[in-house]
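Taken verbatim from Swiss-Prot:
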- 216-229: compositional bias 'Basic and acidic residues' (COMPBIAS)
- 216-249: region 'Disordered' (REGION)
- SER235: phosphoserine (MOD_RES)
- SER236: phosphoserine (MOD_RES)
- 236-249: compositional bias 'Low complexity' (COMPBIAS)
- SER240: phosphoserine (MOD_RES)
- SER244: phosphoserine (MOD_RES)
- SER247: phosphoserine (MOD_RES)
Amino acid sequence: MKLNISFPATGCQKLIEVDDERKLRTFYEKRMATEVAADPLGDEWKGYMVRISGGNDKQGFPMKQGVLTHGRVRLLLAKGHSCYRPRRTGERKRKSVRGCIGDANLSVLNLVIIKKGEKDIPGLTDSTVPRRLGPKRASKIRKLFNLAKEDDVRQYVVRRPLTKEGKKPRTKAPRIQRLVTPRVLQHKRRRIALKKQRTQKNKEEASEYAKLLAKRMKEAKEKRQEQIAKRRRLSSLRASTSKSESSQK
């Protein structure tokens, strides 16, 4: 089995092949995201702690977190699921994935070093690969350089040198995201003002509608009362005429 080991602190990654079954036994029956001591791999790994981050079986199917089995299953996957990238909007597909429990049928196991041991591993912990790009978000730049809210973040942007033959050397900087500028604050104030105007307008319209509704209801009530009074007058008139006719007979 091959072990793909990465060390985030230095940015290095190394693929080693282990043939001894006894060394690999410590990773069997362990689920993804489990932290395991790497001491059985050899004396140079003494004190190291690694986390199982994934792997592939001998047919190339990836391990999927949450699938509690050794074998393969076919799952209906959509956007946002691991082990699947949709080609069209809303597309879903049934894909074969391997369970998250490790065993001898894996061809590659991915490990992440979470605790460094006593000795350095050549090509993994003894060298550092610099990051190509710096942070882009304003809060992350502040965190990197330990800046206060009052400090100007734009002066601390990590610039990337661009060199071309026969041209002046120049640098390129990312556009800072979530940067609080006077323009942003002005837009925020405008949004709040527009929201207040909308609420005020809605209140006024609601009060006008309530007044109009009350007026219409009052008019309807008066009309209904007039109709009732008219009916009563007519009924009393009929009653009086019928009495006079009966008395004449």
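A Cβ is built for glycine as well, from the same backbone N, Cα and C atoms used for every other residue.
Swiss-Prot feature annotations superimposed on the structure.
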| residue | record | Cβ within 10 Å |
| --- | --- | --- |
| SER235 | phosphoserine | 10 |
| SER236 | phosphoserine | 10 |
| SER240 | phosphoserine | 10 |
| SER244 | phosphoserine | 8 |
| SER247 | phosphoserine | 7 |
Treating G and I as helix alongside H, and B as strand alongside E, what does DSSP give for the region 'Disordered' (216-249) in helix, strand and coil?
33 helix, 0 strand, 1 coil
About how far apart, in whole Å, are the alpha carbons (Cα) of SER244 (phosphoserine) and SER235 (phosphoserine)?
15
Calculate the distance in Å between the alpha carbons (Cα) of SER236 (phosphoserine) and SER247 (phosphoserine), and round it to a whole number.
17
For SER240 (phosphoserine) and SER247 (phosphoserine), what Cα-Cα distance in Å is obtained after rounding to a whole number?
11
